[in-house]
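Heads up, the thing below is written out as C-alpha cells.
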Amino acid sequence: MGSVTIRYFCYGCLFTSATWTVLLFIYFNFSEVTQPLRNVPIKGSGPHGPFPKKFYPRFTRGPGRVLEPQFKANRMDDLMNNNIEDPDKGLSKSSSELGMIFNERDQELRDLGYQKHAFNMLISNRLGYHRDVPDTRNAECRGKSYPTDLPTASVVICFYNEAFSALLRTVHSVVDRTPAHLLHEIILVDDSSDFDDLKGELDEYIQRYLPAKVKVIRNMKREGLIRGRMIGAAHATGEVLVFLDSHCEVNVMWLQPLLAIILEDPHTVVCPVIDIISADTLAYSSSPVVRGGFNWGLHFKWDLVPVSDLGGADSATAPIRSPTMAGGLFAMNRQYFNDLGQYDSGMDIWGGENLEISFRIWMCGGKLFIIPCSRVGHIFRKRRPYGSPEGQDTMTHNSLRLAHVWLDEYKEQYFSLRPDLKTKSFGNISERVELRKKLGCQSFKWYLDNVYPEMQVSGPKARLQQPVFINRGPKRPRVLLRGRLYHLQTNKCLVAQGRSSQKGGLVLLKACDYGDPTQVWIYNEEHELILNNLLCLDMSETRSSDPPRLMKCHGSGGSQQWTFGKNNRLYQVSVGQCLRVVDQMDQKGYVGMAICDGSSSQQWRLEG
C-alpha cells in the first residue's frame, strides 16, 4: 500500500512539473517577447515595426517574424515597439494624424525629440525606415534616359547624435532607390556621437539588415562636419563622391541625372533640388527650382533663377548655373575633389565651408550646377540641436578664413558689416593661399563679373542693380471653409481675446455674434485657420502646454496646420493633440491642447 501511495505521489509531482513547464513556456514566450514586438508583421515591414525588411528588391516581401536578438530600449528609440493605433481608426504612414499623442509616454518622446533633434521624433519613429515619397520631378524628367556607362558613387553621410530612425530612413532610401551597379558604397561617418543606439545597436542593425556595401567609420573625437566628410572621402573608392546629410530621403531616379553631368565633364559639381521634409509633420513636399547665392555677411541664401537661365527647349530639365551651393547635398568626381583641395581642414565643425568650396570651384576652373531632375528631401529644422564642442563661434572663424583666402579686396564688404572681426585670429591660412596659387585661380572680381553679376557691392565699387529675376509672388491657398468656429457643447465661438489683428494674442470662447466679421475664420487647403483674414491660429512646437495664439501666417504648415477629424475634433498636427475647452463651467472660456479623446470638450464645427 505504501509503495502505491509513493508511486501516485511521484506521478502527481511529474504531472505538476510538466504543467508548470508548459505554463511558464507560454508566459515567457507570449507575454514577455511577443507583447513588446506586437507590431512586427509576419512578413515584410509594416508602418510600425521596429525591424524593416532585409535587403530585398523593392516591392517584395521580407523575411519571417524576427524575435531575436531584440535591440535594447533606450531614451532615444524607446518608441520603436510602441502601439500607435488610434482607438477609433488605424493610422497609415500618410495619415495626417500620425503624430497623435495617446499617452504621457508619447508626449515625453515627442518633447524629447524636439529637444535632442529639433524635429518630431515621435512621427519619425512611427514612419519606420522605408516609405514612399511623391515623385516631385517635372513631368519632362520622367522621359529622360541616361548613359549606361555612368560612374559609380560613394555616398558619404556624416552624422552626430542623429535620430536613429531618421538616419536609417536616409540609408534605406539610398539603398531602395539607387541602382545596385551605381551604388559602390555608403560610408557612414559617426562623429563621436553620444547616444547608445548609434553605437552597438547601429552596428548590429547594419550587419543584419543592410548590404555589405554599407560601412561605418567612427571618429575617436568630435571632428565636425567638415573634417568628418574629409575622413569619409579618404575611405571612399567609388568614382564619384556624393555627400548627403543624415536626415534626408532621396527621390526616384535621383542619382542618374547627377552622374550623367559628371560623366560629361568631371570638373562639374552638381547638386539636387532640395525638397522639404517638414520638421513638425515629416510630410514630404516639392521645392521650387532656385539657385544658391550669398550676402556680404557670408551667409548662404536662395535666389530666384535669372530670366537668362530659363530659356531653351529643355528649360524645365536643363542644369542651372548656381553661384553657390547650400552644402549639405552635392556630388563631385572623387579625383577632382582631391585635386581641388577637398575642404579647408583649418575650418572647424560647420559653417562657411559651402561658400568656400563654391568660390573655389568657380574661380579655379570648375562649374557648379543644380540639376532639376534630381530631387532629395531634407528635414529643414528651425535650429541646430547641438553646438560646437567647446562653444566656439565656428561660423565666424570659418568665414574669416574664407574672406582672407578668396575675397581679395572684397573682404572689406564683409568687414564693413563686422568691423569687430578685423583683428580676430583665424589660424594659419598659408596652405590655402598656396593652393589658390597652385590651381591658378581667378580673382574674386572675375567671380562677381562672370558668375554672380547680380551681387550688389557698396562703396566705390558699387554697381547698378540688374533686374533679371521673375517673381510672381506666392499663390494664395484655396479656401475650403468659411465661418465661425463653434464649440458644440457650450454653444460659443472661438474668437480673439483682444483685437483680431494683435499678433501673439490669445483666443477664447465668447458668445457668437453672427454680425461680427472679426469672428469669422477661414480654413484653407494648407490646413490653416485664419481669423478675420489676418492671423493664423498657431501652436508652440516646443511647449505644447502653452495655449494657442494668433500669429502671422508663415505658410510652412507645422505649428499652423490643423485638421478636422472624426468626432468633430480639431487636431493640431505638429503638437499631436486636440483643441479643447479648459473648463466648460468657467465663464472665462479659456482653451488649450490635450490628448485627443473625443470628449465633449474637444468637439468643434466650422459653420457659416
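Every residue, even glycine, has its Cβ placed from backbone N, Cα and C.
According to Swiss-Prot, the transmembrane segment annotation covers 7-29, on the basis of sequence analysis. According to Swiss-Prot, the topological domain 'Lumenal' annotation covers 30-608, on the basis of sequence analysis. Under the heading disulfide bond, Swiss-Prot lists Cys141-Cys373, Cys364-Cys441, Cys493-Cys512, Cys536-Cys553, Cys578-Cys596, citing sequence analysis as support. Marked as substrate binding site by Swiss-Prot on the basis of similarity to another entry: Asp191, Arg222, Ser246, Trp350, Arg381, Tyr386. Look at Swiss-Prot and you will find Asp245, His247, His378 tagged as Mn(2+) binding site. For 319-381, the entry in Swiss-Prot reads region 'Catalytic subdomain B'. Among the features that Swiss-Prot reports, N-linked glycosylation site is placed at Asn428. According to Swiss-Prot, the feature domain 'Ricin B-type lectin' maps to 476-607, an assignment based on sequence analysis.
All features noted in Swiss-Prot, drawn onto the structure.
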residue : record                 : CB count, 10 Å
Asp191  : substrate binding site : 23
Arg222  : substrate binding site : 17
Ser246  : substrate binding site : 24
Cys364  : disulfide bond         : 19
Cys373  : disulfide bond         : 24
His378  : Mn(2+) binding site    : 21
Cys493  : disulfide bond         : 24
Cys512  : disulfide bond         : 17
Cys578  : disulfide bond         : 28
Cys596  : disulfide bond         : 26
Checklist entry - Around Cys553 (disulfide bond), which residues of its chain at least 6 apart sit with Cβ under 8 Å of its Cβ? => result Glu528, Ile530, Leu535, Cys536, Gln560
Item to check | Greatest inter-residue Cα distance in Å for the substrate-binding set Asp191, Arg222, Ser246, Trp350, Arg381, Tyr386 | outcome: 22
Next on the checklist: If you count other C-beta atoms within 10 angstroms, which of the binding-site residues Trp350, Tyr386 is the most crowded?
Outcome noted: Trp350
Next on the checklist: So if I measure Cβ to Cβ from Cys141 (disulfide bond) and keep only same-chain residues at least 6 apart in sequence, which ones fall under 8 Å?
Outcome noted: Met253, Pro257, Ala316, Thr317, Pro372, Cys373
Checklist entry - Can you give the mean pLDDT for the domain 'Ricin B-type lectin' (476-607), rounded to a whole number? => result 88
Checklist entry - How many Å lie between the Cα of Arg222 (substrate binding site) and the Cα of Cys596 (disulfide bond)? => result 42
Checklist entry - Within the chain of Arg381 (substrate binding site), which residues six or more apart in sequence place their C-beta under 8 angstroms from its C-beta? => result His117, Ala118, Phe119, Ala279
Item to check | All-chain count of other Cβ atoms within 10 Å of His247 (Mn(2+) binding site) | outcome: 27
Checklist entry - Hey, how far is Asp245 (Mn(2+) binding site) from Trp350 (substrate binding site), Cα to Cα, in Å? => result 12
Checklist entry - Where among the disulfide-bonded residues Cys441, Cys536 do you find the Cβ with the fewest other Cβ atoms within 10 Å? => result Cys441
Checklist entry - In sequence order, which same-chain residues at least six apart have a C-beta under 8 angstroms from the residue listed as 'N-linked glycosylation site'? => result Gly346
Checklist entry - Around the Mn(2+) site (Asp245, His247, His378), what further same-chain residues have their C-beta within 8 angstroms of the site's C-beta centre? => result Thr170, Leu244, Ser246, Cys248, Ile277, Gly328, Leu329, Gly377, Ile379
Checklist entry - Where the distance is taken from Cα to Cα, which of the recorded positions Asp191, Cys493, Cys596 turns out closest to His247 (Mn(2+) binding site)? => result Asp191
